[in-house]
Amino acid sequence: MGQKINPTGFRLAVTKNWTSRWYANNTDFAKMLKEDVDVRIYLKKKLKNASVSKVVIERPAKNARITIYSSRPGVVIGKKGEDIEVLRRELQKRMGVPVHVNIEEIRKPEVDAQLIADSITQQLEKRIMFRRAMKRAMQNAMRLGAQGIKIMSSGRLNGAEIARREWYREGRVPLHTLKADIDYATSEAETTYGIIGVKVWVYKGDTLGRGAEAQAAATSAEPAAEEKKTRRAPSKTAARKPAAGTDKPLVAAKPAVKRVRKVETPAADTQKSGE
């Protein structure tokens, strides 16, 4: 089932966290959830050229805090912060509460699954061959530190009459290992032949998860245990220290002497009996 389930939902509360972080009662839950969906759709259209990876929405005490993760924060902020102020006012009008907008920069966009998927779909819309776009994205991700990547495209590839799906994988992508940090994303390319879907899985290594502190303590205790094992008992030939409170000088230990047992051989008879 690791091949079928959504990797992000499979790891929620284990190694992944929710992108909407708030609590609501039964009457307000549906309204607030719809607001989150509308805000994400609006930001996706508004910041289409800003390389936005994800949007985290928090609602502390009748306020809203929206964090936008982008590899091009300058496009989001605009000249002298004008664009982000317009964006904040529009979001405040849509949500009906005071909104604070934060921008987080993504240092390695080549390893981010959402940005990889969006890049491939943009190339497909420009009529670039899907195999070339997929292989180029895989090479860039592996070059910049990804331990594994898998990309799948499905639809009328190259304008074929019969829809099909093709996928390529490089490195390891352990989908059923819960401690594996799998970044998963999807995107759609609107071509003249129809919609082509792109799915991306990026394996970034193993994470410690909730028991991070316990495992970190265990790993730090291992070198100390190895040091104890490698320590040897002091040699018997070491110098002996005088007792505390005495003025006696340090007495060097006597070298160990091997005792040899001397066996006396009986004297040989010089005369034979009867002579």
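Glycine residues also receive a Cβ, built from the backbone N, Cα and C atoms like all the rest.
Swiss-Prot lists 39-107 with the feature domain 'KH type-2', giving sequence analysis as the kind of evidence. Annotation source Swiss-Prot lists region 'Disordered' at 216-275.
Broken down by DSSP into helix, strand and coil, the domain 'KH type-2' (39-107) contains 30 helix, 21 strand, 18 coil. Within the model, the domain 'KH type-2' (39-107) shows a mean pLDDT value of 91, rounded to a whole number.
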